[in-house]
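Take a look at the structure set out below.
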Amino acid sequence: MSLHTTTLIKALLRQPTAHTPVWLMRQAGRYLPEYRELRARAGSFLNLAKTPDYATEATLQPMRRFNLDAAIVFSDILTVPDAMGLGLYFGTGEGPRFRHPLRDEQAIKRLRVPEPESLDYLYQTVAQARRALDPKAALIGFAGSPWTLACYMVEGGPPGDFQLIKKMLYRRPELLQRILQVTSQAVAASLNAQIESGAQALMIFDTWGGALADGAYQRFSLFYMREVLARLHKTHHGQRVPSIIYTPGGSPWLGEMADSGADALSLDSACNLGMARQLVGHSVALQGNLDPSVLLGDEACIRREVQRTLQAFGPPAAGFGHVFNLGQGISPATSPEAVATLVEAVHELSRVRGGAYA
Ligand code: CP3
């Protein structure tokens, strides 16, 4: 294992870097023709994600095209509940669904942390991808937050208006807490196994945390992310393994998120990076937060918006700790050329030339 400290890891630890590192949520996906070809060859998204050779190839595809500072392992947040026996499937054009959603007390009482072997395909993918990657690029592992996974586990698919899970939250909070406890252990175990397999940084996707009310967010989402973060191995082979949390719509709670034990917060596009930074001070790094729709603009537009995002974070002289990313996942309608323009612009405009973007 290489002991190279990559630009991404330095930025997440708020150490000086020569440029702002950049990677993109969903950087491996349908906007790439080679991904569509690979998915067709695999026959289905799940077969692609569960076959280490295919999943490794999907992880590496964006790295071959673009000068990205990090790869994210190709998988899905729903593989953990799948390993817990809920039976993940994708109906045609329907999005993800579970064959056995948690609809009664017995099913909830039976819920267990899965055997580690049930996610072997994921850990093998992490190990293969790390071996194949350039040592200068970091490999990011990930998982869903316990709350976000519980939304799918209870609703049985995309949570829509959150009827079932919110009814459980207000009527039977102890049942929901049992789901969240077991899922926190499962998520922490998966993230630790990803670290042991070669993941150098971790991200927790709390996609639906922003659907919670103030008060409920702290008790049912952030509390369990803290539980997960507290269980994570902090180092691997002497290297710090930083963690990132991401609650889109979570800007009202940035102060509390900064105090969760995570090393970095990933922000949606509604946040102003400079204001977020004032709020959290020097306690955490920030990731984000270009609107993915900017990639539908022309080259001049993309460069201008990149510059604006870098300026919002502030000049390097005021401190490091910015990882450039989108505010949410890249749209399948994006052209790969726009992504190339974005990555080049981030590197060029952020390179420290006596505070060039001050
Ligand atoms: O490149 C990457 O970012 C790594 C891979 C990754 C996927 N899903 C692959 C995937 C990651 C990090 C995820 C996370 C994920 N999965 C989230 C959190 C996202 C966020 O930004 O908050 C959620 C909610 C899921 C659940 C999920 N998986 C949904 C809702 C869907 C359907 C999406 C769609 O557009 O059809 C998936 C499938 C999925 N996961 C795809 C990919 C590339 C599309 C599958 C395909 O059709 O090829």
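Using the three backbone atoms N, Cα and C, a Cβ is placed for every residue, glycine included.
Copied over from TrEMBL, here are the features:
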- Arg26, Gln27, Ala28, Gly29, Arg30, Asp76, Tyr152, Thr207: substrate binding site (BINDING)
- 21-30: domain 'Uroporphyrinogen decarboxylase (URO-D)' (DOMAIN)
- 140-156: domain 'Uroporphyrinogen decarboxylase (URO-D)' (DOMAIN)
- Asp76: site 'Transition state stabilizer' (SITE)
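Sequence features annotated in TrEMBL and their locations in the structure.
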residue: Arg26; record: substrate binding site; DSSP (3 states): coil
residue: Asp76; record: substrate binding site; DSSP (3 states): coil
residue: Tyr152; record: substrate binding site; DSSP (3 states): helix
residue: Thr207; record: substrate binding site; DSSP (3 states): coil
Pick out which of the binding-site residues Gln27, Thr207 has the most other Cβ atoms within 10 Å of its own Cβ.
Gln27
Looking at substrate and its recorded binding residues Arg26, Gln27, Ala28, Gly29, Arg30, Asp76, Tyr152, Thr207, figure out the farthest C-alpha pair and report it in angstrom, whole number.
23
Show which residues of the chain containing Tyr152 (substrate binding site), separated from it by at least 6 in sequence, have their CB under 8 Å from its CB.
Leu78, Pro81, Pro96, Phe98, Pro158, Pro159
Within a 10 Å radius around the Cβ, which one of these binding-site residues has the most neighbouring Cβ atoms: Arg30, Asp76?
Asp76
Among all protein chains shown, how many Cβ atoms are found within 10 Å of the Cβ of Gly29 (substrate binding site), not counting that one?
20
Can you name the residues of this chain that are 6 or more positions from Ala28 (substrate binding site) yet have a C-beta less than 8 Å from its C-beta?
Tyr35, Ala58, Thr59, Gln61, Pro62, Ile72, Phe74
